[in-house]
Amino acid sequence: MSSPLTDRLGPLTPLAERSMRFLKAEASSAAGFSPHAAVVFVACIGVYLLKKIGFLSGWGLAPTFALAVIVGSLAFIKSSDVARPLLIVQRTIFLLFAFYAVISYPAVSDVYIYESWRSEFLHLHVRWLAPAVAVLAWFRPGFGIVPVALMAWKKHLMAAQFGFKLNATDYYPVAELALYTTLAIGFAAAGAIILKRKELPQPFKPNEGWSLGEAAFLGAFGIHIANYFYSAVAKVTLPGASLLTWVLENETHNIMMATWVIGLGPLQSFEWMGFAGHEFMARFQHGSNALVFASQVAGLFCIIRLRWAQLLTGFYDIMHLVIFVTTSILFWKWMTLNAGLVLALGWLIKRKEIPRPLVVMTMGVTLLAPTVFWVATLGWFDTAALNKATVEAITEDGRSVELPNVYFLEGSAQVSKSSIGSPFDGHFDISVFGKAKGGREQMHRAKTCDLPVAEESGLANSFTREPRLETYFKQHHAYVQTRLNKEGRFNAWVFPHHNWANPSRYRDYQTLDLRQVTAYRYIIESVCLSYDGEGGVTEDVRLRGTYVIDVD
């Protein structure tokens, strides 16, 4: 039957009809995946609500009750009931945190350990309880959240005891993903039971090609990949930056200089290699910047093909490895999670083709992840301006010996990044390792260290304002004294640090009898860095502040 409209359209009518049939088919396909999206959505809402009660932010009544409810509700679910990709990721995370608990031996003084019964439990008993529960979680995945929660509570406790925040970027996103995967296991199981018992209209029956748990795995992938995608977003949204400003203007090799003078990095053992690495990064900085930026942007789109997602995730681990070799910054928890994702994607690749509705769902999860999850936004400009922290041990005979950051165990990352407390009064207005987060103008000024400094350092004022900092040094000294060998030495390298000092830089420390230490000298220097052309780094000190902490 014709109409004035179809008469005018003429030959376009068949195209319109085909378009309508395509849209109906797509709508029907999308409806078939609505239960899958519902599981992902409800699991994300569950994480949001648990964060509202501070589930991963300290041991309290509400988190304990929530943990009991989660474990009790999921105790009936066997590993064989869980979709293999989701199970692989969840196992990767809880085994990671169980291992983390084992190697994180009690690294605080008795004053902190016996501060309360909760403190005693977290410091002394999590180390064996977490792996024990992990064994149970291998068969009953609902228990997998226990090792993660225990370690998160322990980290929060130590931050409160030390008086400064501990590094969260390397573990907190992984802990939140553990929470999501555990809830998703429960909601996927509940969804499967509901769908079996209830008659649904034909268009809304779940697609038989993908289980609810497999779709929940894609949600987990989308959440984690948001850390990379939004790091790219952070680079283009820096004040004064445009789409390619970071790629064309960021001098990434500057962070190698910063970590070098701080004493970090495997290349410290081979000076010629460190210099060659700096020269290579300086010469090819545009290419390396473009590769990093493009790979982070690609995170949003890689799920279009499962193989692309797998290859890109593997590339991220290679990127993390290069970062470790050049700067000593090791995201080993992210790398372990990435390895689990690669395995899970490999399982799917052999059995599945990802349909368009699930592609859209995963991309949507990535875009919306910051509304629920703690997503890393690693975007800044690397500069030659640095607030360098140094800690020296002062001995009975008046000698001063520089200490490696690893000496401070749980606080090692904060010490190396000059970020214990806020001891920067009067110093460069610059972030850790010389990072300019204030935008393009700050970056250009920091290139030549055209940043204001005061006539005197306010370091002492910072310690006065934050008395817990001085207490931290005293208590850590007391702890170290209980761990010395017969020669009065302390091996602090065997610990799960976020970044490692190179032992070759600290030979005096390795021969130091720590029983002779009577004080510590904390030093902050605002320095302008440059390569001298012969494999060394020149430090132009603009302001120096010192503070001595007596422990004798």
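A Cβ is built for glycine as well, from the same backbone N, Cα and C atoms used for every other residue.
Record features (TrEMBL):
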| type | residues | note |
| --- | --- | --- |
| TRANSMEM | 30-50 | transmembrane segment |
| TRANSMEM | 56-76 | transmembrane segment |
| TRANSMEM | 88-108 | transmembrane segment |
| TRANSMEM | 128-153 | transmembrane segment |
| TRANSMEM | 174-195 | transmembrane segment |
| TRANSMEM | 215-233 | transmembrane segment |
| TRANSMEM | 290-309 | transmembrane segment |
| TRANSMEM | 321-346 | transmembrane segment |
| TRANSMEM | 358-381 | transmembrane segment |
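Against the transmembrane segment (215-233), the recorded stretches 56-76, 128-153, 174-195, 290-309 differ in Cβ pairs under 8 Å, and the greatest number is found for 290-309.
Taking residue pairs at least 6 apart in sequence, the transmembrane segment (128-153) and the transmembrane segment (321-346) share fewer than three C-beta contacts under 8 angstroms. Long-range contacts of the transmembrane segment (290-309) within the same chain: residues 218, 221-222, 225-226, 228-229, 231-232, 235, 246-247, 315-316, 319, 345, 348-349, 352-354, 359, 362-363, 366-367, each at least 6 residues beyond the stretch ends and with a Cβ under 8 Å from a Cβ of the stretch. For the transmembrane segment (88-108), the list of distant contacts is 82, 123-124, 126-127, 129-131, 133-134, 137-138, 141, 144-148, 150-151, 154, 158, 161, 171, 174-175, 177-178, 181-182, 185, 217, 220, 333, 336-337, 339-341, 343-344, 347, 409-410, 475-476, 479, 495-496: same-chain residues at least six beyond its ends, Cβ to Cβ under 8 Å.
Residues 55-59, 63, 67, 70-71, 73-75, 77-79, 82, 87, 90-91, 93-95, 97-102, 104, 122, 171-172, 175, 178-179, 181-182, 185-186 of the same chain lie 6 or more positions beyond the ends of the transmembrane segment (128-153) yet place their CB under 8 Å from a CB of it.
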